[in-house]
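Taken from TrEMBL, the feature domain 'Cadherin' applies to 28-133, 134-242, 243-350, 351-455, 456-565, 588-678. Residues or ranges marked as region 'Disordered' by TrEMBL: 754-805, 824-901. Here TrEMBL flags 1-29 as signal peptide. The transmembrane segment annotation in TrEMBL covers 698-718.
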């Protein structure tokens with residue numbers, strides 16, 4: 001029972017060991033094949049593609065290739081069927097010499113992805129080499145006096161094969177004198193010898209011919225022979241004898257020439273010349289040994305005379321002869337075995353087997369970049385090689401199989417930070433002192449489009465003068481892309497949008513390569529003050545990346561618009577304005593007012609008025625306000641003044657160069673009693689439909705005021721009765737409207753509580769009027785104000801850059817004039833400001849100063865707002881004034897009250 005259990009345990013252990021060995025070989029990914037040497041071309045070795053798990057269809061696309069260091073061309077793979085076959089003659093003795101193990105190591109490399117497989121093909125020895133003796137004939141001289149059992153060494157045969165094929169057996173041709181000595185068991189000793197079995201008699205047999213045959217253990221057996229010619233000598237019967245028949249010496253490789261290997265000593269019992277010994281190398285030793293060593297014939301010292309290299313030969317066998325000087329010389333023999341010891345004298349060898357360059361910057365970690373092979377010809381620890389890599393790089397070395405390393409990616413790459421790496425691989429052996437070798441490789445990082453073009457700032461402001469020539473260059477945008485090559489090629493384009501009713505591309509364009517922005521047409525400040533758009537910079541990568549930048553193009557004003565005179569009121573002829581002035585007017589009386597507008601902005605729209613001197617050189621009693629355009633008297637009129645004056649008023653802006661316009665005012669001096677009549681006649685005869693409508697509005701306002709007063713009283717009474725009858729009706733809280741009327745001499749107001757709407761929804765239609773006006777200075781202070789204002793205007797102030805007039809003001813200005821003369825909106829004669837009313841409807845408020853429809857167009861308008869002040873709210877003039885607003889709420893009789901939204 002115990003024996004059976006023990007046997008079971010032993011079997012289990014053996015099975016476990018075999019499984020572990022199989023798993024280890026599978027983990028190493030190595031295949032083993034065998035092939036006999038001298039196999040014919042095309043001999044099948046193995047299905048390498050199938051055994052490696054590769055599909056036949058992917059061998060060519062994945063660049064399947066086989067490499068063998070120093071042994072290329074012996075084996076090849078048929079890419080059509082994946083079979084490994086013999087391509088050329090394989091001679092095991094040439095490949096591995098006397099090595100017991102001989103194999104061809106193949107490296108199978110495939111790409112996409114990179115994989116390396118290791119295949120060992122064992123070369124099996126065949127008995128293709130017969131035993132070979134150093135020479136075909138061996139001459140021996142043996143004295144007849146030699147005793148029996150004397151030994152005569154012979155050089156044995158050598159067989160280039162190994163194993164059984166190299167096991168030699170010797171046989172000697174039949175004779176009665178000699179027998180063959182069996183070689184010793186020491187593998188380093190290859191010799192054999194003849195043993196004298198019968199005493200020699202030179203007289204009976206002076207020469208003996210023998211044949212020595214060597215037979216190997218192969219199938220079939222091969223043989224080699226050498227002829228032995230033995231000459232029987234007479235006399236000298238004592239041969240020299242060495243202390244030992246075999247000497248073993250250890251010698252370091254690379255020792256200098258002249259180094260003593262060993263000193264041999266032989267003795268001869270004879271005396272005289274028969275006892276003098278001469279040392280020499282046997283004629284059977286190889287020429288390689290003779291080139292490495294030298295023996296002193298007198299002292300028997302063996303010294304080094306050639307280069308001793310462990311990698312070339314690990315041992316040397318030297319046969320030494322000691323021959324005496326007798327008439328019939330006798331000889332003694334010994335063998336010197338020199339074992340060479342390894343020294344760390346070989347630098348490791350580095351070789352890059354495969355390179356996958358350049359590497360993309362987005363390559364995943366673990367990507368194999370290169371396969372490195374290292375080797376060292378030394379043995380033991382001197383041949384153990386370790387590899388290291390330059391520090392602080394995103395790569396590392398990974399040991400794959402025996403002396404193979406893979407250079408793999410260890411951390412993320414960024415080409416914009418580092419575009420290339422100079423790597424140094426160092427291979428160091430384990431000797432003392434250790435030797436090392438280095439190999440450099442430049443790893444270039446391929447660019448990936450991971451950076452969008454970037455502008456220096458997110459927004460640019462550009463100033464362009466109006467009336468620019470078409471196609472002029474106004475700005476250059478520039479974006480920088482940190483990528484390389486096509487990923488850094490930046491092209492520019494507009495982000496299309498609508499500008500008003502037109503496309504942006506009709507105004508500007510951008511050059512796709514240079515980024516230059518061009519204005520395609522002349523820009524007009526009066527039409528477009530600010531043009532804001534975006535430019536896109538996009539690279540040529542896949543997929544492309546882009547970014548935007550905003551351009552604000554401010555169109556600067558040029559003085560390209562002359563002042564435009566507002567249309568004079570009806571009654572002028574030929575563009576001239578006629579005015580009747582009583583003789584009795586005092587100093588500072590405002591006779592007329594010239595009104596003009598300029599479409600430009602800033603200084604270009606700041607107008608000044610000058611009175612041109614008369615043609616006759618006579619002094620005229622009138623002057624014009626520098627900035628108001630009001631024509632007023634400078635003194636009291638008398639009989640010396642001409643009854644008619646033709647005044648030329650020059651209107652000039654402040655642009656460079658200044659643009660002008662001329663207005664003509666005809667002033668007629670009349671008696672005090674005639675002025676109103678004349679004025680009335682002029683109005684009756686010359687006033688057009690617009691002036692008549694203004695008069696109707698004035699009378700309508702007066703009537704509405706009266707009716708509204710009665711209506712307010714009625715509403716108050718009605719409200720009081722309703723509230724006393726329904727005290728809980730809190731939803732009808734009374735309001736407090738205020739009626740304000742103003743004129744040139746002052747203002748008055750009337751307020752009365754009334755409900756904003758009739759709660760029941762029933763009630764008589766109402767007609768309301770609301771007017772607002774600030775208090776104005778008294779007329780007696782205007783002369784002082786006029787003089788003070790003119791002095792302050794001696795040095796004009798810079799106007800607001802946005803001072804301009806609205807287009808609607810020009811359309812309705814002729815109606816505003818009559819309202820002013822009617823005393824509803826006038827600021828009083830002699831006012832220093834350039835002021836006139838602007839009108840706007842009560843519909844959703846348009847641009848300040850617009851009118852729709854103009855005053856006097858009809859009485860069907862529900863609500864009007866009159867703004868009294870500078871014609872352009874943006875024009876400050878020398879000193880901005882507070883704007884006066886008069887609002888009219890007109891509701892026709894019969895309309896229901898509507899709450900305001």
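Every residue, even glycine, has its Cβ placed from backbone N, Cα and C.
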Open item on the list: So, taking each listed stretch (28-133, 134-242, 243-350, 456-565) in turn and counting its Cβ pairs to the domain 'Cadherin' (588-678) that are under 8 angstroms, which one gives the highest count?
Closed with: 456-565
- [ ] Run through the domain 'Cadherin' (243-350) and tell me, per DSSP, how many residues are helix, strand and coil.
- [x] 10 helix, 48 strand, 50 coil
TODO: Would you mind splitting the domain 'Cadherin' (28-133) into helix, strand and coil residue counts from DSSP?
DONE: 13 helix, 40 strand, 53 coil
Task: DSSP residue counts for the domain 'Cadherin' (351-455), split into helix, strand and coil - done: 4 helix, 56 strand, 45 coil
Task: Helix, strand and coil counts within the domain 'Cadherin' (134-242) (DSSP) - done: 4 helix, 47 strand, 58 coil
TODO: For the domain 'Cadherin' (456-565), jot down how many residues DSSP puts in helix, in strand and in coil.
DONE: 7 helix, 53 strand, 50 coil
Open item on the list: Just to confirm my parser: what is the rounded mean pLDDT across the domain 'Cadherin' (588-678)?
Closed with: 86
